[in-house]
Amino acid sequence: MRASPRRVAFDVLHAVSVEDAYANLLLPTRLRGAALTGSDAGFATELCYGTLRRRGLYDAVIEHAAGRAVDTIDAPVLDVLRLGAHQLLGMGTPPHAAVDESVRLALALRLGRAKGFVNAVLRRVSERTEPQWTELLLAGVDDPFERFAIEHAHPRWVVASLASALSAQNRGEELEALLAADNVPARVSLVALPGLADAALSAADAELSDYSPLGLRAPSGDPGADPRVRSGVVRVQDEGSQLAALALSRARPIASGERWLDVCAGPGGKAALLAAEAARAGAHLLASEASPARTDLVRRALAPLADSVSVRTADGRTLGADPLERYDRIMLDAPCTGLGALRRRPEARWRKSEDDVVELAALQASLLTAALSALSPGGVLAYVTCSPHPSETTAIVDTVLEGHPAIERLDTADLLDRVTKAPLDARAGRGAVQLWPHRHGTDAMFIQLLSRPDGA
Ligand SMILES: C[S@@+](CC[C@H](N)C(=O)[O-])C[C@H]1O[C@@H](n2cnc3c(N)ncnc32)[C@H](O)[C@@H]1O
């Protein structure tokens, strides 16, 4: 039997809750499996992503309505309630429809014993609108970060981290705009790989991106339906990621024979753009990745450029040990909390913790130290994260450079403004670039170009 949009949304939500699945990877597969397209696919996507994004708010509402803590509610029943709460409070579904459909979903899931509970809790949820619930939950809460956390459905520590990242750039007053932008689904951006899909940029119906000279806005619908996307020469890629790759490839003219390395290449998004840039100028890219499964994804992503790239599985922390292994350009797109990509990874905000920041910062510092030791004299390295958290961005660069006095910071903001179609106004201090969803419509990418001077 063909699964309904609600059932697909439930399956993905539940896999995220109990198996730590990634919604953005699982949902497309489930939509295809259920043959859901058009408005049905759109409904399932909004139901699933919207529920995940605002899960913290809905859990607080459910706790209140049920009169008990959410961790005392069976996991599948809780997920049915979360989906119901999103339909009631986030999607404007009429109460009788949202409640009845949720009860029907519970029955289809063989949760008949919870039928009355689902019905009663969702009826109580439907007695208030979302602003009324928010007002109720805010009563007596004085801490401003906690208030933003409730109002914009972010964990408090994420609010505090984003506040400190913005304040470091004198943009503290933009916090609410950023939190609101995190809750708006990102528009799908495409990149036309140079030399392989240039015609896509001049097509009559092309809607060009604001900043990236290679970027396009995807028309509505499934981008995978476009044969150029299927063949891999036009790729789905956030404009911020395009700019991170172009900052490195266009930092200075490319000499034929240059050796390039992507240290953390999986799943291969930036590597594909770097490989296309390198191939046009006679440079060679080695795309490296620690996880074997993700190395396979890199191979797949680089298939249209297979002749001009190499791919390997390796731990980036071992770089530098071989004195013959040196590179002219290095992309270090480090593993990070992803706090800059919350629009795209709806569950990420609830899954990460401050402990992850500490663990990732240690890994980021080790990777940067190792990568710098493999940088040729005259070479350029891009340190990139899709998190604006100061502990993952400026603090990593500052700390590692203390041990590398010869390394110079390039004025990334200035260099990137020469690449983009419009000025970014994204200077983050000490030469770095910080992009923001609420300002640039991109993920919050941090980009710092570093160089080892000739002879150093
Ligand atoms: C932010 S993602 C890279 C995204 C990629 N550059 C792209 O544009 O598609 C970070 C990657 O680093 C990999 N990674 C984690 N630890 C690593 C290590 N010690 N050495 C190399 N890669 C590592 C992860 O498996 C993950 O694929």
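Yeah, the Cβs are placed from backbone N, Cα and C, and that goes for glycine too.
Because TrEMBL annotations are produced automatically, they should be read as predictions rather than curated entries.
Annotation source TrEMBL lists domain 'SAM-dependent MTase RsmB/NOP-type' at 167-453.
Classification of ASP315 (S-adenosyl-L-methionine binding site) by DSSP places it in coil, neither helical nor stranded. Among the features that TrEMBL reports, S-adenosyl-L-methionine binding site is placed at CYS264, ALA265, GLY266, PRO267, GLY268, GLY269, LYS270, GLU289, ASP315, ASP333.
The local packing around CYS386 (active site, nucleophile), expressed as other Cβ atoms within 10 Å of its Cβ over all shown chains, amounts to 27. Residues or ranges marked as active site, nucleophile by TrEMBL: CYS386.
With every protein chain in view, the residue among the binding-site residues CYS264, GLY266, GLY268, ASP315 whose Cβ has the most Cβ partners within 10 Å turns out to be GLY268. Of all Cβ atoms in the protein chains displayed, 26 besides its own lie within 10 Å of the Cβ of LYS270 (S-adenosyl-L-methionine binding site). Within the set CYS264, ALA265, GLY266, PRO267, GLY268, GLY269, LYS270, GLU289, ASP315, ASP333 that the record links to S-adenosyl-L-methionine, no two Cα atoms are more than 19 Å apart, and one pair reaches that distance.
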